[in-house]
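Lifted from TrEMBL, the feature list:
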- 90-102: compositional bias 'Basic and acidic residues' (COMPBIAS)
- 80-102: region 'Disordered' (REGION)
- 124-142: transmembrane segment (TRANSMEM)
- 148-172: transmembrane segment (TRANSMEM)
- 184-204: transmembrane segment (TRANSMEM)
- 216-236: transmembrane segment (TRANSMEM)
- 243-265: transmembrane segment (TRANSMEM)
- 271-296: transmembrane segment (TRANSMEM)
- 316-336: transmembrane segment (TRANSMEM)
Amino acid sequence: MALRLIQIITPEDCELDEDIIDEDDVIEQWVDDSVSGRTTIHILADVELTEKILADIDDRLGHRDDYRVILLPVAATIPKQETNEEKEDEPPTQKEKEQGDKRVKRISRDELYEEIKAVVDISWVYFVLIALSCVVAANGLIRDSGAMVIGAMVIAPILGPNVGLSLATTLGDKALMIRSMKSIVYGFSLGMVLSIMMGFMIQVDPEVYEISSRTSVSFADIALGLSAGVAGCLSFTRGISAAVIGVMVAVALLPPMVATGLLLGSGMYDLAFGAAILTITYIICVNLAGVVTFLLQGIKPKSFRERREGEELSRYAIMIWVSLLIGLAAIIYFQFM
């Protein structure tokens, strides 16, 4: 069972007591003596209950601007907590039944937002990694080396911006959406320019497997793109290694994008069209699956007004992605099948 330590820092005169949180939701709770006019309440809780606890805190203190809530991961605690597997032979208590209804089976919305926001911002490191991954992928495609292509996927920072766009769409967060779209557009633009330049300067053999396999599209590629989108979102909400899942998303997006640029630079426009359709198919599938995955996990804005805006934006986004996917499916059927 993953744990989180929640620290609530408030002014000494704040109308706050230890009963701010339902005692059934916490493992341990204690209060530090006031220091410099500030009081700190510490709450140790299961990660799956932190979203409810944070919502309770916001309901109680949201009208103030002089408090701070800090959420920290807990590596270990002694004595250790009983896991669900250790208790599976015992009938659940009434408390455990009530907690089961409160659990969200993921990290909290606030923690998820901060994690994704951190990997969406554009920096020189982002551009360097995009450039390096494209150079390595281009060499792997030209030399028909699967190992080099996989190496490019490992260093490609593609997961964050795409998951960020899905989360922004789900929450109706326009600022995060703009940052995510900028990261995606700038990253793909840089990758395409570099790939076209390499295709212009280096002889490209379209018959090698690593390139030829990415110049046509089938319905199986739609399944791959949807799978990559679901895996990318779960890597954040369930705490799975983002580095490992990032390779899965890069499998879908990086090689066909680089193949498109190489073929365009070499003047092979018909083959480049197929690679471009494959790239667009993956982009649509990854983002559609991401939005649906977040919605199915119950991720939504805090306030009622924001929730209405988020639901409206999610509905429009799903309609757009599905419409584009249907159009691409028609192209795949008539052009490649």
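Placed from the backbone N, Cα and C atoms, the Cβ positions cover glycine too.
Between the transmembrane segment (184-204) and the listed ranges 148-172, 216-236, 271-296, the one holding the most Cβ pairs under 8 Å is 148-172. Contact counts against the transmembrane segment (148-172), taken as Cβ pairs under 8 Å, peak for 124-142 among the stretches 124-142, 216-236, 271-296, 316-336.
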